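In what follows, a structure is listed as C-alpha cells, so that the remarks can point back to it.
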Amino acid sequence: MATARPSIVGPDSGPESPFPYKMEGKVISGFGRGSKELGIPTANLPVDATISPWISSISSGVYYGWASLQLPPSHPESPSSSSCSPYVVFPMVMSIGYNPFYNNTERSAEVHILHKFTADFYDAPMRLLILGFIRDEKNYDSLEALVKDINTDCDVARTSLDRKAWVPQGGLLHPAVDVREKQGDLDGSWLVRPNDSPSA
C-alpha cells in the first residue's frame with residue numbers, strides 16, 4: 001500500500017537553509033510532452049552550472065517556489081502600463097532531473113507555473129525563487145501514476161506557499177493568483193528587480 005503523501009511541506013516560519021535558490025534565463029522549448037501527454041504545460045530553463053552553480057549539487061526531484069515572467073506587452077497576462085515592474089509573479093512547481101519515466105539522458109529544469117495561461121511565452125525572461133523541496137525523482141509503472149503524482153505535487157506546492165512567511169512582501173503577485181494573503185513576509189524583491197539593478 002502506498003504511503004500517503006504530506007499535503008504541506010516546509011515550516012510555517014518560512015524557507016530553511018539552503019533555500020532559497022535563484023535561477024533565471026529565457027524560457028526554452030522542452031520535449032513537448034507537458035501539454036500533449038500530461039496536460040501539465042511546462043516552461044523550461046537551460047541547466048547551466050556556470051549561471052546556477054548550486055544546481056550541480058542538489059538532488060534530482062521536485063521543488064516549489066515563485067516564478068516571475070517578463071511578458072511582452074501583447075501577451076494577455078502582461079502587467080498594465082501603470083505597473084512599476086515589467087515582471088509578473090506566479091506560484092510554481094518544478095522538476096530538476098532526468099525524468100526516468102522518459103529515459104532522458106540530459107538533466108532538465110521543467111517549471112509548471114500554477115496559472116492557466118491563454119498564450120505561450122517562449123523566449124520570455126523568467127526568474128525562479130526556489131523555496132523548498134517536495135520529493136525525490138522517481139520512475140513510474142504507468143503514465144497515469146506519473147500524472148497523479150504531478151497533480152499531487154501541484155496541490156502540495158499551492159498549499160505550502162499559501163502561508164504568510166512564504167508569500168512575497170509588497171503585493172508582487174499577479175492579481176489572478178489565489179492566496180489568502182496577497183502580502184506576506186518573504187523578500188521576493190529579486191523576482192521583480194529591473195535588469196540593470198545590482199543582484200542581491
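Each Cβ is built from the backbone N, Cα and C atoms, and glycine gets one as well.
Small disclaimer: the values here were computed from a predicted structure and weren't measured.
Long-range neighbours of the region 'Disordered' (1-20) within the same chain, counting only residues 6 or more positions beyond its ends whose Cβ lies under 8 Å from a Cβ of the stretch, are 54, 64-65, 129-135, 152, 155-156, 159-160, 163, 165-166, 185-186. Residues or ranges marked as region 'Disordered' in Swiss-Prot: 1-20.
When Cβ atoms from all protein chains are considered, those within 10 Å of T42 (Mg(2+) binding site) total 24, not counting its own. Per Swiss-Prot, Mg(2+) binding site is recorded for T42, N44, and the stated evidence type is similarity to another entry.
What Swiss-Prot records for E110 is active site, nucleophile, and it gives similarity to another entry as the kind of evidence. The local packing around E110 (active site, nucleophile), expressed as other Cβ atoms within 10 Å of its Cβ over all shown chains, amounts to 21.
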Please spell out the DSSP helix, strand and coil residue counts for the region 'Disordered' (1-20). 0 helix, 0 strand, 20 coil
Cβ neighbour count (10 Å, all chains) around N44 (Mg(2+) binding site) is 20
